[in-house]
Every structure is written in structure tokens, then in C-alpha cells.
Amino acid sequence: MSVSVVILAAGAGTRMKSQTPKVLHRICGKEMLFYSIDEALELSDDVHIVLFHQKDLIKDRVLKHYGDSHKNGVLHFHIQDCENFPGTGGALMQGANLVKGRDLESSRKSSPKQLFTCKYDEILILNGDMPLVRAQTLKNLCEPNAPIVMSILHLSCPNGYGRVLIKEGKMQKIIEQKDASAQELLIQDVNAGVYKIKKNILQDYLQRLENTNAQKEFYLTDVISFATQDNVEIKALQVNEEEFMGVNSKSQLAAAQEVMLHRLREAAMEQGVIMHLPHTIYIESAVRFLGECIIEQGVQISGECEIKDSHIKAHSIIESSIIESSDVGPLAHIRPKSRIKDTHIGNFVETKASVLNGVKAGHLSYLGDCEVESGSNIGAGFITCNYDGKGKHKSIIGKNVFVGSDVQLVAPVKIASNVLIGAGSTITKDVNEGDLVLSRVPQKHIPNGFFKFFGKKDS
């Protein structure tokens with residue numbers, strides 16, 4: 001679409017009570033701001049992000065994820081001068097932004113309230129703390145040809161929102177809650193915080209903004225007041241309350257995550273995934289399901305996971321791994337960088353950075369930094385001793401290896417194919433193909449040892 005998108009992400013987010021920037025808090029494994037960026041990039045090839053608090057940290061994180069968009073001139077950063085131009089209106093001012101190749105002081109003197117450069121004649125403005133807004137909804141806001149389009153919510157409990165004053169069917173102004181009178185606080189129509197404004201109109205009204213209010217800030221909402229005074233057409237679109245949920249506290253963060261989880265679960269089930277008690281299942285935005293999958297209750301799947309034609313049983317945890325044609329759990333823990341195919345993973349089995357192909361590991365084992373080939377059976381109580389206090393080391397197990405219970409492999413070690421390892425063995429050296437390996441202490445019998453220790457007891 002021929003629209004420039006501005007994402008406001010300069011706020012301090014003090015109500016989050018966290019050292020992490022508000023917009024970098026994660027919802028289903030993804031930074032809140034990234035949801036807004038992704039939806040914006042679906043609409044436009046001219047996306048602007050306004051930063052101030054912890055700007056370097058946020059910018060670095062965004063560049064790490066969207067570096068190509070920045071290099072290609074699609075994604076732009078602006079740093080707001082909150083000391084001189086605070087507020088949502090100040091965020092859009094060229095004089096309030098440290099723009100590459102332009103001196104801040106000279107910019108202030110020449111045109112302190114000039115809109116920073118945007119590619120298109122229409123500008124969509126949204127907030128970086130609204131992760132639930134969908135691209136289609138933003139497209140709907142952009143479609144009307146009115147000079148100004150704004151989003152409206154009708155709430156039974158409007159606390160925390162700017163009120164929208166409407167008289168005789170026409171919008172009069174937006175009143176920030178901090179500046180509202182007792183009568184105005186009773187209004188239930190509120191500003192949802194997303195606008196589409198013609199660039200020339202926005203530029204004109206930015207010049208007129210003043211910070212003569214309780215907070216001494218330049219309010220973007222005053223643009224609406226100017227427009228109503230000048231009889232500029234304002235199209236108000238009522239939007240979905242859930243989708244326009246703002247996140248300003250940890251409780252709102254949790255509420256937004258519940259909504260996103262519901263969307264992710266619904267999308268997975270629409271794709272054909274069977275979920276037992278879906279409300280108990282946690283999945284993140286980067287998880288992909290392929291083929292026919294069954295996910296039982298209490299399962300957590302996080303990070304960049306791919307689950308294909310597999311059954312994940314109750315209360316298992318899967319992290320940043322690939323699982324194909326396997327059954328996992330219950331109560332298994334698949335840690336990052338595991339690749340599991342045609343394998344049975346039983347209860348209380350943990351893997352980490354391991355490749356298992358055609359393997360059985362039924363219960364109570366740790367397989368870390370190892371490769372196990374097809375036909376091998378891992379007994380209960382097996383452990384790869386992969387860490388020596390300084391570094392991690394790898395274990396290799398070939399095909400058709402039978403590992404007895406309570407076996408330890410002290411890495412680095414290689415077990416060739418067709419090997420039998422007796423229960424209770426500790427393996428510290430490589431094993432050749434076809435060997436039977438035993439390292440346990442021989443069993444010793446002491447006749448009448450019980451009576452010698454406890455003495456004779458009456459039967």
C-alpha cells in the first residue's frame with residue numbers, strides 16, 4: 001500500500017517495573033515491538049520507528065532481527081528529543097529527532113516542528129505496545145479516503161484511555177484521561193490510538209501543537225481537535241477491543257499473551273494438529289507444525305521448533321528443536337538444538353544438542369551433545385557425561401548398540417555399531433564394533449554376611 005507507517009516506541013514504560021524496555025518484553029517468545037513491525041511490513045515499504053528510552057538496546061535488537069529491511073531503506077529509526085519535545089506529538093517532529101546527516105540544533109532553529117521525512121502522502125501511526133493488531137485491520141483503517149481516519153473503542157470501563165467527545169454524530173476532540181474533567185471521564189467512547197492522516201494535514205497541525213497541558217507534553221491527539229475546529233473530515237472506525245489492547249503492565253502483558261496463545265493454538269488446530277485440553281498447552285510464535293501431530297495437555301513448545309508427524313505426550317517441554325515421526329514423553333525435556341527422527345523418547349528423558357535417528361530411549365536418561373544412530377536402544381539411567389568442568393564434549397553411538405541400564409559415557413568417546421554395553425558400566429574409551437563391554441565391579445558374595453552384621457534374629 002502507498003502508506004508510510006510510524007511506530008511510536010519512545011515511552012519509558014514505568015508501569016512495567018522492569019529494566020527491560022517495555023516494547024522488548026516477549027509475548028509467546030517474540031518481542032512485543034516485533035509484532036507491530038511485522039504487521040507494518042506487510043503494509044508498507046516505508047516503516048519508521050521512534051525511540052528514546054533505552055534506544056540503543058532496542059535499536060540493536062531490531063537491527064539484529066530486521067537488518068536487511070534497514071539496509072534496503074525500508075526500516076528507519078528516529079530518536080525523539082523528549083527533553084524539549086515530549087509526548088506523542090513531539091515524537092513526529094523533525095526537530096525532535098536525531099536524523100542521520102542532520103544537525104539537531106540547526107534542525108530546531110529552522111523548523112522545530114517539521115514532520116520528519118516520509119515516503120508517502122498518507123501516514124499510519126500506531127503504538128509499539130499494541131502487539132495484537134493485525135495487518136488486515138490496519139489495511140481497513142487505511143482504506144477510507146478521508147483526510148483523517150482514527151480508531152475508536154466503546155468500553156464499559158474506559159479507565160486508562162483518552163476519551164473521544166462526539167456531538168451530533170461528529171467527533172469534536174480527544175481528551176487525555178489526565179486532563180479530563182469528572183464529566184468527561186464518564187464518556188465510554190475512547191481513542192484506540194491508531195490513526196491514518198494525510199501528510200500535508202499532519203505537517204500543518206504539528207506546527208500548531210503546544211504543550212500547555214497538565215503533563216507539559218505535545219499531544220498527537222490535539223491534531224484531531226484542530227481538525228474538528230477546521231471542519232476537516234474525520235472518519236471514526238470502531239475496532240475490536242481485544243485486538244487494540246495496549247500493554248502497560250505485567251498483568252496486561254499476561255492478558256495479551258493469553259490472546260496470542262489462543263490465536264496460535266487455533267491456527268495449529270485449523271492446520272490439522274490435535275490438541276488435548278488446548279488451554280493448558282503453551283506454544284510460541286516461531287513453532288511450526290507439519291503433517292499430523294498430536295499435542296497432549298500441559299506441553300510447552302518454545303523457540304524455533306519444527307514438529308512433523310509426531311506425538312508429544314503430556315507435560316513435555318520442547319525447546320528450539322526439530323522432531324519428526326517420533327513420540328516424545330510424557331514428562332520429557334527436549335532442550336535446544338536437538339534433532340529427533342523416527343525415535344521413541346520416554347518419560348524423564350532429557351536431550352540437548354543431540355541427533356537421534358531411529359532410537360529408543362524409554363526412561364530416565366540424559367543424552368547431551370551426542371549422536372545416536374538407528375536401531376540403538378538406550379537403557380534406563382543412561383548418562384552422557386559431556387562436561388568436564390571446562391568444556392563440552394561429544395559422544396558418538398553407532399547403529400544397533402544396546403546400552404544397559406545405569407551406563408555412563410565419559411565424553412569424548414565413540415561407540416561403534418553392533419556393540420553391547422553391560423548395565424552399570426562407565427565407558428571412558430572408544431569401543432570397537434562387535435564388542436561386549438563391561439566395567440562394573442564383580443559381584444561378591446559373603447556367606448552368612450547378614451547374620452554377621454545383624455546377628456541372628458528369631459524367626
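Backbone N, Cα and C atoms are what each Cβ position is placed from, and that goes for glycine too.
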Task: Which of S374, S405, S417 belongs with A380, N386, Y387, A423, R440 in the acetyl-CoA site listed by TrEMBL - done: S405
Task: Candidates K22, N248, A380, namely the binding-site residues, that fall within 10 Å of H363 (active site, proton acceptor) by Cα distance - done: A380
Open item on the list: These are the binding-site residues: G87, G162. Which one scores highest on other Cβ atoms within 10 Å?
Closed with: G87
Task: N248 (Mg(2+) binding site) and R335 (UDP-N-acetyl-alpha-D-glucosamine binding site), distance between Cα atoms, whole Å - done: 32
TODO: Give the distance between the Cα atoms of N248 (Mg(2+) binding site) and G162 (UDP-N-acetyl-alpha-D-glucosamine binding site), rounded to the nearest whole Å.
DONE: 15
Task: Which of K22, R335, H363, R440, all recorded positions, has a Cβ with the fewest other Cβ atoms inside 10 Å - done: R440
